[in-house]
Structures are given as C-alpha cells and as structure tokens.
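Asker: Okay, these came from Swiss-Prot:
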- G82, 85-86, 92-95, 110-118, S122: 5-phospho-alpha-D-ribose 1-diphosphate binding site (BINDING)
- G82, N113: anthranilate 1 binding site (BINDING)
- S94, E228: Mg(2+) 1 binding site (BINDING)
- R168: anthranilate 2 binding site (BINDING)
- D227, E228: Mg(2+) 2 binding site (BINDING)
Amino acid sequence: MNIQQAIKQIIKKQDLSENEMHKVMNDIMTGKTTDAQIGGFLVGLAIKGESVDEITAAAKTMRSLVKSVTIKNTKHLVDTCGTGGDGLGLFNISTACTFVVAAAGGSVAKHGNSSISSKSGSADVLKAAGVNLDMSVEKISKCIEKIGIGFMFAPFHHIAMKHVIEPRKDLAIKTIFNVLGPLTNPAKVPNQVMGVYAQSLVEPIAYVLKNLGSKHVIVVHSKDGLDEISIADDTFVAELKNGQVSTYTINPADFSLPLGNLNDIKANNADYSLVLIQQALDGKDGVAKNIIALNSGAAIYVCGLANSLQKGVNKALNILNSDVAHQKLDDFVRESTDC
C-alpha cells in the first residue's frame, strides 16, 4: 500500500492494518513521500482517530530507524517521558522525577526534547542545570550504568523525523507523532510512566505498549488536563502489569497528600523551572515536592523498586526529605561531561 491508497482508505474512516501502516510510515520516514501527502495522511488519521494497531505499527517503524542506546542491565530501567501538549506551562515534572528514581536505585533512560508547546522542555532545564547534552550513545549508556541517569535528546536519535518537521509545523495540530516520541525510547525501556495529552488516549496507549513488549507501564492523564499525575485533581490511569491492562482513578488524598494549586508550579522559563526542581530536591515542602513525589513514586513502582504505588510514593517522599536526589542531579551534571 502506498500513501495515496492509505489516504483514500482513512478518509472513508477505515483503519489500516499493521502491515499497511508500517509500509506507509516507512515510506514517510525514508523520504519517499511529499510534504502534501504527509499532511493529508496525518490529517486523515487525526480525523478518523488512530487505532491501537496503527499506533503500534508506527512506533515499531520508528523504533527500527532509531539511533539506539544499549543498556546491559534493564531490570530497573524506566522512562518518564510524556507527550506534553497540556498547555499549562508547569515546571518540568518528569525531568525532576529522574533524580528521585535514580536515588531510589532505579536506572532512568530519559527521553526528551527542547521546548515545543511548553515554556521549557526537558532538554532546556537540563542545559540550564549545566548538563552536557551532546553525548554519544556510548557515553549515554555509561552514564546510565554508572549513576542511573542518561538523557537522550530526541532529534539526535530520531534523525528520520526530519521528513515530517515541515508538514507538522504547517499543520499545527496534534497528530500521531505527538504520541510516538514517548513510545520510541532509544534504550527500549521495559517500564514507563507515560503521560498523555487526552483522557481518550490513556487506555489505548497502554495496549500499544503491551503490543510493543513493555513489562510494567502506567499511562496517565489528569482531570485538570495534565500529562502527569496531578496534585490538584483526579488522575485517570491505565496500568499494564503481568500482561494485563487495568484502569482506575487516583487522587492525592489516596496518598495522604493535600490538594495543591497548579499556579504555584508554573514556570515561564527553564531557569525558574530549575529553581522549583532544586528546591523540591532539597526537601522544601509544597506543591512542587508533592507532585514530584506522586510521579516519581509511580516510576519507582513500575521499575520494580516498590510493590505498590502507595509504597513508591512513600519512598519518593523519604528521598525528597533527604539530599540524595539533589546529589544525583549534581552527579549527572558532573558525569555528563566525562563519563
């Protein structure tokens, strides 16, 4: 199937098979299609609604083209990358979680990018902290093995994405590519906490990750619109564990945490985002610390360092009340230049 045939099919609201989607995506990612064809295809998919099989096939295609990072020990390997796109301008929560999870004994292969829809992307805040982002795949692997943290800058690893940059920019709408980033971690992490920008994606993405061979995953979207576990409202969860997907809702009160005001954790730039992160890692009580505890606790749970979400959050709070997470940030800044 070529992209023109695919467009004709999806505008009839007919899903593509995995094989059909793989063929079209491979043509797109290897430069065999025009910008107009890519735009028409992405809009058609968005209007029809991307199926689990279509997202699975697209992710498999991107994974086959990625510049990968090899990690020898994947037992407690996890990523906290989300889709972004919530438009709320909060500080970099998932990036902050990296240091808490590493302090708990996990290995975090953090996949991320510069700012797209937010005021500060994960790459921006890490750069503000002094982290060297220009690392080879070998250096990234060594950092993860040595200190439990590595950062994979998406444009460096997903070179084939250059073929869709202009069509996506011209369309200026959410497309399948908004969810593909977190699904295509270059280190092939078996465990993830993945935030998504819409509630309708929570359960389907859990099934996509099941199809991709993930081990333990939590996919989240909060009632107040975050692609994170919220400190201010209920959060919808789909959990993949032992090959089964279950759905449920959680609230900060479930973890004996007070509701927080999201206005307290908005960051207009990377520097202020870093300030909020450092204060929380130093144990300063408040909304930033509590939302980091919720999200890093989930990552601690899925990577096998706690046997329940509650215990994961408790472990995260204990770490935040010490200085070990901030020490991990300092370690990463230092090691990123010479490990």
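Each residue's number is its place along the chain shown, starting with 1.
Glycine is no exception: its Cβ is also placed from the backbone N, Cα and C atoms.
I'm curious about the neighbourhood of these features; can you describe it?
Answerer: For S94 (Mg(2+) 1 binding site), the number of other Cβ atoms no farther than 10 Å from its own Cβ, over all displayed protein chains, is 26.
In three-state terms derived from DSSP, G82 (5-phospho-alpha-D-ribose 1-diphosphate binding site) belongs to neither a helical nor a strand segment and is classed as coil.
DSSP assigns E228 (Mg(2+) 1 binding site) to coil, not to a helix or a strand.
Remark: R168 (anthranilate 2 binding site) has L42, T175, F177 as non-local neighbours, by Cβ distance under 8 Å and separation of at least 6 in sequence.
Annotation for D227 (Mg(2+) 2 binding site): spatial neighbours G82, T83, G84, G85, D86, G195, V196, Y197, V220, H221, criterion Cβ-Cβ under 8 Å with sequence separation of six or more.
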Asker: Give the distance between the Cα atoms of G112 (5-phospho-alpha-D-ribose 1-diphosphate binding site) and S94 (Mg(2+) 1 binding site), rounded to the nearest whole Å.
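Answerer: Counting only the Cα atoms, the answer is 10 Å.
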Asker: Within 10 angstroms of the C-beta of G112 (5-phospho-alpha-D-ribose 1-diphosphate binding site), what count of other C-beta atoms is obtained when all protein chains are considered?
Answerer: 26
Asker: So how many other Cβ atoms are close to N92 (5-phospho-alpha-D-ribose 1-diphosphate binding site), meaning within 10 Å of its Cβ?
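Answerer: Within a 10 Å radius of the Cβ of N92 (5-phospho-alpha-D-ribose 1-diphosphate binding site) lie 26 other Cβ atoms.
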Asker: Taking just the CA atoms, what is the gap between T95 (5-phospho-alpha-D-ribose 1-diphosphate binding site) and E228 (Mg(2+) 1 binding site) in Å?
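Answerer: Here the two Cα atoms lie 12 Å apart.
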Asker: Enumerate same-chain residues with a sequence separation of six or more from N113 (anthranilate 1 binding site) and a Cβ-Cβ distance below 8 A; give 'none' if the list is empty.
Answerer: G121, S122, A123, F153, A154, P155, G181
Asker: If you count Cβ atoms within 10 Å of the Cβ of T95 (5-phospho-alpha-D-ribose 1-diphosphate binding site), leaving out that atom itself, what do you get?
Answerer: 27
